[in-house]
Amino acid sequence: MLHRCSRVLSQFLGRGNSKMLREAYSTSLHCVQAQEGMSVSPDVIAKIEEGYAKLQAAPECHSLLKKYLTKEVVDQLKDKKTKLGANLLDVIQSGVANLDSGVGVYAPDAEAYTLFKPLFDPLIQDYHNGFAPDAKQPNTDLGEGKTSALVDLDPEGKFINSTRIRCGRSLQGYPFNPCLSEANYLEMESKVKAIFDNITDPELAGKYFPLDGMTKEIQDQLIKDHFLFKEGDRFLQAANACRYWPKGRGIFHNNQKTFLIWCNEEDHLRIISMQEGGNVGQVLERLIKGVKTIEKQAPFSRDDRLGWLTFCPSNLGTTVRASVHIRLPKISAKPDFKSICDGLKLQIRGIHGEHSESEGGVYDISNKARLGLTEFEAVKQMYDGIAHLIALEKAA
């Protein structure tokens, strides 16, 4: 099969010099080779074993990868490969390169969650509040018909600057970043752009801005709006998630700048609803409308056990991150502030995203749980936690 495919594709490609066709050929050939049982190379196995040794020899490393990548797991998985050719090194390389990682692993494709489950399952159970290997993600419940219960958390505007709810989605039929070809990126971008162009709902309708060839004027405006995402940080770079940048990447936003979609950043799609103030119900209602509009035309990858599939296992399940930018000057100065948030199942970040610090006394606080609960429950976890923090701040 391999030789026949190679000969036919070579003859086809010989008729032209299309870079995209050659890229598609390269990816197809790689997949055929993987399916025909080609083993993981000795060089890759050596790098896997070196990575394991590096983690074990690093006392400053406290990642979940280090905790669950035992010698037994290495020996069990080091020679395994998904149908798309991804191996254990693809899973662990970011955590090996960045010893300060919290999680340290990424899934190069959907099959990785099954093939490398001796590593993923205990790690997922640890991160996602005891989500056991035999547990199943509940059916999707975005909160339709329930959003009116989420009244404004801060009607006087004393604490909350803005509210944001996002979810990630992966398109069916495509792997995750490390296994995507340039042709894949461009094809996905073309598909979702066509969907964006057909949105007629006045609350959602807007414009798509591709990163490739973006003018300085548009770039400056998107930076001013805090919409522009940059090429991946060192964690994503090390995971091989930024290939062919900026091909196939872009940003859609509605005319009111309250609904935003990132195309091929960390996940295939990041769907975001946001606005100033603390009206969580309004933000969620808009997100529901947006997700429903997109999924009618683009099927998403969902697993019966793990829910909506994403590149990073921290986002599995609902993929929902509901957050506020909030000022809590009194209680945030207390040494047990993080412990209080942990007890409320809340996660603290700086306002510039993951791995950033607080700025000007403003914190980005969100639900921590993504897996093992419904989408609405994830939002409600943030809502109830923030209400409690505001009450503590008022009483301090």
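Keep in mind that glycine also has a Cβ here, set from the backbone N, Cα and C atoms.
If you take the C-beta of CYS312 (substrate binding site) and look for same-chain residues 6 or more apart in sequence within under 8 angstroms, you find VAL103, TYR106, ALA107, GLU266. What Swiss-Prot records for GLY102, VAL103, GLY104, VAL105, TYR106, GLU266, CYS312, GLU354 is substrate binding site, and it gives similarity to another entry as the kind of evidence.
As annotated by Swiss-Prot, ATP binding site applies to 162-166, HIS226, ARG270, 321-325, 349-354, ASP364. Mapped onto three states, the DSSP output places ILE165 (ATP binding site) in strand. The Cβ of ILE165 (ATP binding site) lies under 8 Å from the Cβ of ILE272, SER273, MET274, VAL280, VAL283, LEU284, LEU287, VAL320, ARG321, ALA322, SER323, VAL379, each of these being in the same chain and 6 or more residues away along the sequence.
Swiss-Prot lists 47-129 with the feature domain 'Phosphagen kinase N-terminal', giving sequence analysis as the kind of evidence. Mean pLDDT, taken over the domain 'Phosphagen kinase N-terminal' (47-129), works out to 97 on the 0 to 100 scale.
If you look up Swiss-Prot, you'll see 159-396 marked as domain 'Phosphagen kinase C-terminal', on the strength of sequence analysis.
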Subject >> Candidates ARG270, ARG349: member of the binding-site residues with the richest Cβ shell (10 Å) >> reply: ARG270
**OP:** Give the distance between the Cα atoms of SER162 (ATP binding site) and GLY104 (substrate binding site), rounded to the nearest whole Å.
**Re:** 30
**OP:** Have a look at the binding-site residues ARG270, ARG349, ASP364 and say which one has the shortest Cα distance to GLY104 (substrate binding site).
**Re:** ARG349
**OP:** Among the binding-site residues GLY102, GLY104, point out the residue whose Cβ has the most other Cβ atoms within 10 Å, with all shown protein chains included in the count.
**Re:** GLY104
Original post:
Any idea which of the binding-site residues SER162, SER323 has the thinnest Cβ neighbourhood at 10 Å?
Top reply: SER162
Subject >> Residues that sit under 8 angstroms from VAL105 (substrate binding site) by C-beta distance, when 6+ apart in the chain >> reply: LEU64, LEU65, VAL91, ILE92, SER94, GLY95, LEU119, PHE120, LEU123, PRO313
Original post:
When the Cα of GLY102 (substrate binding site) is compared with the Cα of each of the binding-site residues ARG270, ARG349, ASP364, which one is closest?
Top reply: ARG349
